[in-house]
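Scroll down for the structure; my scribbles are underneath it.
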């Protein structure tokens, strides 16, 4: 890249330092003469007589630094000082017009293209007055139509000559997602109130027409990215004029449906900071032909989906909005462009849906994943301690809740409580309450039946399995067995023992009959074989349910204590009960929550008195 050279000539306009750039369209008065001047100063190969045919054209009035008819214009900079790293047309080897200038009263994005064009941030302010205090006015017809038709042909020949010298003109477009290598990125910034020279424009000897400040203040925010890349990449003056923008009657610029606009404030001014506006002009340097308008509009949202900064935008913008320009980093500075409502409205429907899907995955990805897995709860179960004060003691109600939490698959803590030395903090936690009780996210729950209902309602699918029964009869099966056992084991009279034993056997037989009776879903209506004996593992089927968590701990106690103190065992002909117990002993949810046999025997040592 050639070094920047100091301009040899100063602006022939007002001597004051203007604050804005003047833009003249290729078809406007003075355009051909301006091209001639640039060609003579920038490239020796360009013919000098190209602009002579349009010398009689009058310079057009510009509002806010932008052509009223919306044409792509040439930019004349007032600041003769080149920005750092900026190329001058004389040394770059590819002089050309500074195209697609977009101006704003406070902050402006000016896409520029030409030979060796780089990314550049341009800050512009309101234009100054000319020597007479106001800009010369020319009728609109004179601005829109060239007086000499040869001027357009001369401009096209000049452009073709310049393209031959500088290669294919790079496309210039607003691309908020893609940022080129460091070598291709040039950010020229100036303090507020000072102008900057636009890249690719002559640094001296050019004509300029300062603008009245009153007119500049009335101009609304100029559009950003309003022109297609083809218009900014060496399109002919006639094509650029045909695709130009129209102005509203009040001076506001209307954007085409496929063009994105920058959201302006109440006064119509863009409120983005100078360093927040970025212009991408040169990413597609090898692209030599124009792209279709619809294709370009569809490509813009897709670039956001594949951009390298997609993850950085999402971290910084939790709301997941990718509809505006994303933040850019320059050196140690980071800035973010304010989102535009107009930009969101102008985004194509397909692109918007894709962005929405990306936002949903990226911003809410970890959150959605966590939501799918379910919220972790702080659960502590307090159970009765054994005789040693530490191990799990004999308590069918404690084991019932222990099994439910285990089957739910929830993370929980188990604390054994020694009733002989109950800590003061536990007495304050649940005063007057013996285990089992539970704390769920800091809330104390003491009623076993209500705890069971609460856990079934709180810990639900898809993460936590449903433990309720499908057949209501399963909930009441064996509900009288434990009461019959208690009466049997506490009886001390030998003559009454047979009566209590028969009552217990009657209750066990009823339970065995239910376990051997096939459930409705075990019977196949289309099968020729009749199912007379059930083969299910548990009360309600092949999976453990809340009914099993209630009955199995009691059956296990009956089996241990009755044999130890009364020599009573479940009859072998009760195949349903034995199948039920054997399947339960094969499950960790049951065996790992059972107290030791010695603990069970020790608990009934006093209750099971010898018969007299």
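From the backbone N, Cα and C atoms, a Cβ is placed for every residue, glycine too.
Lifted from Swiss-Prot, the feature list:
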{"type": "REGION", "residues": "1-373", "note": "region 'Disordered'"}
{"type": "COMPBIAS", "residues": "34-51", "note": "compositional bias 'Basic and acidic residues'"}
{"type": "MOD_RES", "residues": "40", "note": "phosphoserine"}
{"type": "COMPBIAS", "residues": "84-96", "note": "compositional bias 'Low complexity'"}
{"type": "COMPBIAS", "residues": "120-129", "note": "compositional bias 'Polar residues'"}
{"type": "COMPBIAS", "residues": "140-153", "note": "compositional bias 'Basic and acidic residues'"}
{"type": "COMPBIAS", "residues": "208-223", "note": "compositional bias 'Low complexity'"}
{"type": "COMPBIAS", "residues": "240-264", "note": "compositional bias 'Basic and acidic residues'"}
{"type": "MOD_RES", "residues": "264", "note": "phosphoserine"}
{"type": "COMPBIAS", "residues": "275-303", "note": "compositional bias 'Basic and acidic residues'"}
{"type": "MOD_RES", "residues": "303", "note": "phosphoserine"}
{"type": "MOD_RES", "residues": "321", "note": "phosphoserine"}
{"type": "COMPBIAS", "residues": "325-335", "note": "compositional bias 'Basic and acidic residues'"}
{"type": "COMPBIAS", "residues": "354-364", "note": "compositional bias 'Basic and acidic residues'"}
{"type": "MOD_RES", "residues": "368", "note": "phosphoserine"}
{"type": "MOTIF", "residues": "395-398", "note": "motif 'G-site'"}
{"type": "TRANSMEM", "residues": "397-417", "note": "transmembrane segment"}
{"type": "DOMAIN", "residues": "441-612", "note": "domain 'GST C-terminal'"}
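Averaged over the motif 'G-site' (395-398), the predicted model reaches a pLDDT of 96. DSSP labels the residues of the motif 'G-site' (395-398) in these numbers: 3 helix, 0 strand, 1 coil. Within its own chain, the transmembrane segment (397-417) is flanked in space by residues 376-377, 379-386, 389-391, 423, 426, 434-436, 438, 448, 451-452, 455, 459, 463-465, 467, 544, 546, 548-550, 552-553, 588-590, 592-595, which lie at least six positions past its ends and keep a Cβ under 8 Å from the stretch.
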